[in-house]
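Engineer: After the structure tokens below, expect a handful of questions from me.
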Amino acid sequence: MTTIKLHNSKTRKKEVFSPIDPNNVRVYVCGPTVYDRAHLGNARPVVVFDVLNRLLRHTYGEGAVTYVRNFTDVDDKINATARARKEAGAAGSLEDLVQERTEETIDWYLKDMGALGASEPDHMPRATAYIAQMIVMIKDLITKGHAYADGAGHVLFSVKSYEDYGALSGRSVDDMIAGARVEVADNKRDPMDFVLWKPSTDELPGWDSPWGRGRPGWHIECSAMARDLLGASFDIHGGGNDLMFPHHENEIAQSCCTNPDGDFARYWLHNEMLQVEGKKMSKSLGNFFTVRDLLDQGVPGEVIRFVFLQTHYRKPMDWTAKKAADAEATLRKWRALTAGIEPAASAAAAVMDAIGDDLNTAGALAELHKLASAGACADLLASAQALGLLTDEMGDWAAVSQAPDLSTYETQMFEARQSAMENKDFGEVDRLKAAFIAAGLEVRMSKTGVELIPTNGFDASKLEDL
Ligand SMILES: [Zn+2]
């Protein structure tokens, strides 16, 4: 069994992972707010935690993992997109338009993330389906003295009532107030207190509650859904490190105050952020793009995944066009090497050890390169598949539309080389090689034969004159 070590943000140490129940390893990852297409940075945690999910299933068994990732489908940003549509003349109530937008975005998200080879989690709960559980939790927090209603439709969590607040991000409440743009409001007993429930207007989505018609604050949904689907104590909680404060601190405060005997999450994993060509991705810099933009430009999902895996999840990663081109060339080579080959019975131990070492995917890729150089094609295939690469579903891009029969050209080259070696004149070999490359073929020559491999730019018409 692969020993799994994970860097736990909670203890700031790499620890040997030991699940509460090896027959049901439970993982919760914060999912997207569904108001628009996922940008490239949104996709990073999806790939990171997909690797974790695969590693856990490899180690404990396919059916021994429960992986939950939520959809936040109630949010001001979603409401704003619906309002914009309404103002542009769309038919239907604002509530219908909100619903339409979330359905459409969830569909996009699953398709785009699927294109990156990310398996769907076991549960993908939507916040709006867990309002009742959230209300139960909020009522409980009020009863236990950790939350209070302001009498005007808001319920707030009292941060001072939870003495470990800030332990995950390692900051004191005073530092947080100084460092964050804390919204000062008359209804807060303390500036750090955060919203559990707030009033909603008649036209926007809202639910009846003991505090009037309203909707939940963002943080409470993860606490309520994690408890419902995974219990008061579960193994791993993941998300981007931009969520550590305030979102994850608030989840911990809510969950640990409702379930003082539970651990909530025992291991916390946070991925670093993504940049593009060395700069922060932003609309104003013109380097903002979605996963769909890249796919539509012809960058295969498998290439995006490969580039992501080259950087350890706890390091900032830089997306560059050069990396994508290099990844594509490598994947083409590996796909050609493993074409028609059955994968080995299991992934190579060195690859699994690297992944098990705090998801060292860069190290795992280095091991794959070694297997490729050694010609260990069956091991290469099985090991790459453990990382979600070289799978059948991901390979469409690499298949050339009409698989051409290149055997006559291969024979022609082989014979040209035979006679060149006899008469020491390589003119014809050079001419053929140049023509093959110009037609978009990769030329591989060995003692036993010649292999021509079509690349992305393969153009059969350029071979006609040979
Ligand atoms: Zn969350």
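For all residues, glycine too, the Cβ spot is worked out from N, Cα and C.
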Engineer: Do you know which of 5-9, 85-89, 260-264, 280-284 TrEMBL annotates as motif ''KMSKS' region'?
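Structural biologist: Of 5-9, 85-89, 260-264, 280-284, TrEMBL gives motif ''KMSKS' region' for 280-284.
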Engineer: With the ranges 32-42, 230-240, 296-306 to choose from, which does TrEMBL describe as motif ''HIGH' region'?
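Structural biologist: Motif ''HIGH' region', as annotated by TrEMBL, spans 32-42.
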Engineer: From the centroid of the CB atoms of C30, C222, H247, E251, the recorded Zn(2+) site, which same-chain residues not already listed sit within 8 A by their CB, in sequence order?
Structural biologist: W218, H219, E221, S223, H237, G239, L243, H248, N250
Engineer: Going by DSSP assignments with H, G and I as helix and E and B as strand, what are the residue counts for the motif ''HIGH' region' (32-42)?
Structural biologist: 3 helix, 2 strand, 6 coil
Engineer: Say we define neighbours as other CB atoms within 10 Å of the CB. Which of the binding-site residues C30, C222 has the fewest?
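Structural biologist: The binding-site residues C30, C222 were compared, and C30 has the fewest Cβ atoms within 10 Å.
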Engineer: What does DSSP assign C222 (Zn(2+) binding site), in three states?
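Structural biologist: Looking at the DSSP assignment, C222 (Zn(2+) binding site) belongs to a helix.
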Engineer: About how far apart, in whole Å, are the alpha carbons (Cα) of H247 (Zn(2+) binding site) and K283 (ATP binding site)?
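Structural biologist: Each residue's Cα considered, H247 (Zn(2+) binding site) and K283 (ATP binding site) end up 24 Å apart.
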Engineer: Other Cβ atoms within 10 Å is the metric here; tell me which of the binding-site residues H247, K283 scores highest.
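Structural biologist: Most Cβ neighbours within 10 Å: H247.
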